[in-house]
Amino acid sequence: MKTGAQVWRALAKSCLLCAALGCLHLPGARGEKPDFFETNAVNGSLVRSRPVRSVDVTPAPTDCQLSTWSSWTACDPCQKKRYRHTYLLRPSQFYGELCDFSDKEVEDCVTNRACRSQVRCEGFVCAQTGRCVNRRLLCNGDNDCGDQSDEANCRRIYKKCSQDMEQYWAIGNLASGINLFTNTFEGPVLDHRYYAGACSPHYILNTNFRKPYNVESYTPQTQGKYEFALTEYESYFDFEHNVTEKATSKSSFKFGFKLDGLVEFGVRKESNEGRHYISRTKRFSHTKSKFLHARSVLEVAHYKLKSRQLMLHYEFLQRVKSLPLEYSYGEYRDLLRDFGTHFITEAVLGGIYEYTLIMNKDAMERGDYTLDHVSACAGGGFQIGGNVYKVYLKLGVSEKKCSDILNEIKDRNKRRTMVEDLVVLVRGGTSEYITSLAYKDLPTAELMKEWGDAVQYNPAIIKLKAEPLYELVTATDFAYSSTVKQNMKKALEEFQMEVSSCRCAPCRNNGVPILKESRCECICPAGFQGVACEVTNRKDIPIDGKWSCWSDWSPCSGGRKTRQRQCNNPAPQRGGSPCSGPASETLDC
């Protein structure tokens, strides 16, 4: 029987043969539409012609490679188990063999060492979760234990809350761990269904909410006007640095993996939205295009967590208690995979609606248009309902120019225009209906109101402040908390290196590599296909530089340590852009 990788290799060979015979087309060559990366652009130079050959040879498959097994740990006295692990040396890529087997092993063992894992509880010890709760919480109608054992064998229930109340919007994600290396929400780490017997009603928009014990504040924000901030970019390089990288980038950390202040929570590159946005905009790198970016931010609530004595979710509590005291990366890595790298301490809830008009520079010059004209008409048309005559009076743009610009935006799918594409990214309040309208045209006042109403009841976390997960490990809940905390810190450093996409080989033609578990994939700019983005009809395009992985930190010397990286993954070619950011870092130690 063939393995999955062998099937992929056979498929890759078939595709190459098909390309050689001229039977492989890009989406749109004969009216075909790809599943998700459908483009609204009608640019003759990029879309109308079809590829007849592969410019680059498909890279050879790269097989996944794991390290050799670590030594077995000593037998853990509390778990009566010992552990060993491997780690990822090289991810699979280009249909290479996958690492589809376990990267850790656990086996039972015997030891004479005593286990002292219990933390003294002055209250009631919950039967299954092991949580310690105050005895005054017994028989109060709430599931304070998480396993209902505090409500068992009650002669009478003394309910504090006489009426049902709702949970705060987005409270599930706020209680979850978050992997800030991948921008994903993981398992629950805080119990925001625990109220410590309190019944504190909180009315927001005529809805009665019950405030969880862990939450210090959840403050609604007054819904303001839907105003777009418009920014003009004369080149793709400026647009990518100021817009795309911020919308899809991962968080950067100071020493200790702490975030400084509130930071914007970006869209995952691996998500449908992230792939779509990157593919649609990156196709215009190194073209004569100008970019008009519009952005509207709607804040509906501010959230803040208590600073101490938090009630942990019982699933997270039990997982941390089951960790071995002797460091084993495999076990601690699994904790980070399942519960994330950080937890949220503050957040701004709401939505972000942004769109980008991509304009053909030559066509604009022929028609005597500037980005100021486009900005005035696109922004003004939304603000006053699209009345072109009023835009003409208010902004000093001729009525004909505004009318022509708005018509070209509307008709960009039907004919070749100076408007090459309209790319939309919506966070918060999204629905299929709203998204389908957003992708078709510039936002109207009616659409924005509909979106704003949806954001109110389905907000996204658009900004956050977070602390590393190990900060939840305290002596209140865990014996040997300092040992476990140090182990989690060490695992976090190793985990960051293991999951970084810098470990992927470069994609061709400015494709964006992403690492998913032990496999690398390429997000291709629209107009490029293939496992490495190697299939295209465009020739000799400039290749932008990308960073290699950071080196290990140097030994601490004079209270300082350093690390380096190189702009060679790939290096800039044919006039491509250099890597942005520093090539070295220095920290106190």
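Glycine residues also receive a Cβ, built from the backbone N, Cα and C atoms like all the rest.
When you check Swiss-Prot, the disulphide partner of C556 from the set C520, C522, C524, C589 turns out to be C589.
As annotated in Swiss-Prot, C121 shares a disulfide bond with C132, one of the listed residues C109, C115, C132.
Swiss-Prot assigns the feature transmembrane segment to residues 378-385, out of the candidate ranges 98-105, 138-145, 378-385, 514-521. When Swiss-Prot is consulted, the disulfide partner of C78, picked from C23, C109, C115, C126, turns out to be C115. Swiss-Prot names the disulfide partner of C402 among C377, C502 as C377. Noted from Swiss-Prot: C75 is disulfide-bonded to C109, selected from C109, C126.
Looking at 67-74, 251-258, 339-346, 443-450, the range annotated in Swiss-Prot as transmembrane segment turns out to be 251-258. For the pair C504 (disulfide bond) and C522 (disulfide bond), the C-alpha distance works out to 9 angstrom. When the domain 'LDL-receptor class A' (120-155) is classified with DSSP, helix, strand and coil residues number 6 helix, 4 strand, 26 coil. Note on C161 (disulfide bond): other Cβ atoms within 10 Å of its Cβ, all shown chains, come to 17. Residues 182-184, 246-251, 274, 277, 346, 348, 425, 427, 460-465 of the same chain lie 6 or more positions beyond the ends of the transmembrane segment (261-268) yet place their CB under 8 Å from a CB of it. Among the recorded positions W72, C132, C154, C199, C507, the ones whose Cα sits within 10 Å of the Cα of C126 (disulfide bond) are C132. C139 (disulfide bond) has C132 as its nearest neighbour among the recorded positions W72, C75, C132, C549, W550, going by CA to CA distance.
Here C377 (disulfide bond) is positioned 43 angstrom away from C520 (disulfide bond), judged by their C-alpha atoms.
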